[in-house]
Amino acid sequence: MKPINKHKKDHKLLWKIHHWSGLYAGIVIGILCFTGAVAVFIPEIDGLIQSRYYSVHAATPAPGQLFKIDQALAEAKKQYPKMSGLLIDMPDKPGRVATFSFAVKGKDKASSKSYFLFVDPVKDQILGSWDRQNSLANYLRQMHVRLYEGFWGRQLVGLAGVAFIVVTVTGFLIYGQFMKKQTYPKVRRKGMRILMGDWHKILGISALAFNFVIACTGAWLGLQPKLMQWFDIKAPNDHDFPKLMKPKADAATLVHWDQVFLVLRKEFPDLKPGYLRASEDGTSTIEVHGSIDGQIYEKNINALVLAKTSYKPLFKCDVRTMSFSQRFYSVQEALHFGDYGGLGLKIVYTVLGLTSAFLSISGFVVYLYRTDKKQQRRMSPWKTTFVYCLLILIVLVVIALISMFIGYRQASAVAAWLVNGSLFGYIIYVIVVAILKKRNSNTKSIGI
Amino acid sequence: MKEAKIIEQTLIPVALIAGNIALSHFIYLLAKGDYNSPLWATVICIIALTIGILRGNKYLLIGGTGFYSIVLLVAICL
């Protein structure tokens, strides 16, 4: 058995880790939980904007009816003969529209333009166009995935996920120590510090499993590109094919998508197509990625690759036949986004996500109250918290407005300045404070 | 005194973790339209855990957590 003093020391160390990781990463964790709580509804927001703002509706297919997009694509090619990088997104529900996303390359990068067309996959016609890059859904996605910062934003989010894991695990380990004289759902009303501390403990332990799952999957998803590169990890649906022709000839090869849907039904009947893509790199292939209903796996993780000329299957990735490690890989994204349990689970994810955002605020309030007398701040803890929250909210809203009404690139530039500026400012502040503290303690010891 | 400590500091936190997972599992089964025995087993676990947490009953907490662990393991393995 461990001696009591050793136990106390261990708890103190755990509390210190919880305290410092929460204090330094709390703001980013709070922002990510808040944006994530809204971001789970991205498909619903997209659907609502498409039907209400753009007024585009697709016909409902008859049972067993196949999608048809050949005529719509021919029409799009007539309008944009220089289109490249075509990606066809298929609707996830009947009555929703499909989209064609492609670029028309200009002389340089600045003059290249992206286009997004709405298509009715039942009547086979183009319904209109939209600017997906400047949409609210894209803002939410970019903000949550990479804080709208293109260079290392995704890695910063991944590191915040790691800090979230540390906070969750240490929180669980120190919980018992703080509940000595308290029963579980009881909140004491003995001043603001104790009240917020109690809410922090009660809500923290109530949402612990959710927070742990979100933290682990978030850390993995944020650091995934780098980790996969460093450790040579391959996605289960990764495939390599030899180049059979020149890229230009490959891009010019006509694809009969109606035929693709027919082959898909025969070769992989359970696959609900999510997105389709024809090769332009000389491999002469057609990729169909999609999901199987009722599974807790990443969206579009299943795939069927066909030969472009003969429509014969070349590669099939069915999550049901994968190994345990591949299935474990595929489950991460679904667990993070909560899109495997319909709207009900999304609502639960939002409530728990907002709870986690509240935890970073309540933790900060408790810290301010605890250090208030010692530090003699000019503003009260509540005022300080309110100012911080308001500032963050203003920044989020301003970037959203720039993203939607001015442009994606401009919003990304502003966010990059803000994120990198805050990060470097923060690091310099921490170093200066540490140096000053050391100098003060040295002066005191010399004085003694 | 010792029993109360075990309930408050160990059993309730573990039951809350099981409850979190059970709730997500229950909603997933409902959305999937799978109204077979796993759904009802999950519902029973959620009820047992909720009562156990609110009343601080160690038998319901241990029973609910243990039973749900079996339900979850069976769901993962099958």
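Here the Cβ of each residue, glycine as well, is placed from N, Cα and C on the backbone.
Automatic prediction, not curation, is the source of TrEMBL annotations.
Taken straight from TrEMBL:
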- A:21-42: transmembrane segment (TRANSMEM)
- A:156-178: transmembrane segment (TRANSMEM)
- A:199-221: transmembrane segment (TRANSMEM)
- A:347-369: transmembrane segment (TRANSMEM)
- A:385-408: transmembrane segment (TRANSMEM)
- A:414-436: transmembrane segment (TRANSMEM)
Among A:199-221, A:347-369, A:414-436, stretch most in contact with the transmembrane segment (A:156-178) (C-beta, under 8 angstroms): A:199-221
Sequence-remote partners of the transmembrane segment (A:414-436) [C-beta within less than 8 Å, at least six residues beyond its ends]: 143, 147-151, 153, 156, 395, 398-399, 402
Interface present between the transmembrane segment (A:199-221) and the transmembrane segment (A:385-408) (three or more C-beta pairs under 8 A): no
Non-local residues, at least 6 beyond the ends, that sit with Cβ under 8 Å of the transmembrane segment (A:199-221): 32-33, 36, 145, 157-162, 164-165, 167-169, 171-172, 175, 178-179, 184-185, 187, 227, 332-333, 335-336, 349, 352-353, 355-356, 358-359, 362-363, 366
Same-chain residues near the transmembrane segment (A:347-369), Cβ under 8 Å, at least 6 residues beyond its ends: 19, 22-23, 26-27, 29-30, 33-34, 36-38, 40-41, 192-193, 196-197, 199-200, 203-204, 206-207, 210-211, 214, 337-338, 341, 377, 381-382, 384-385, 388-389
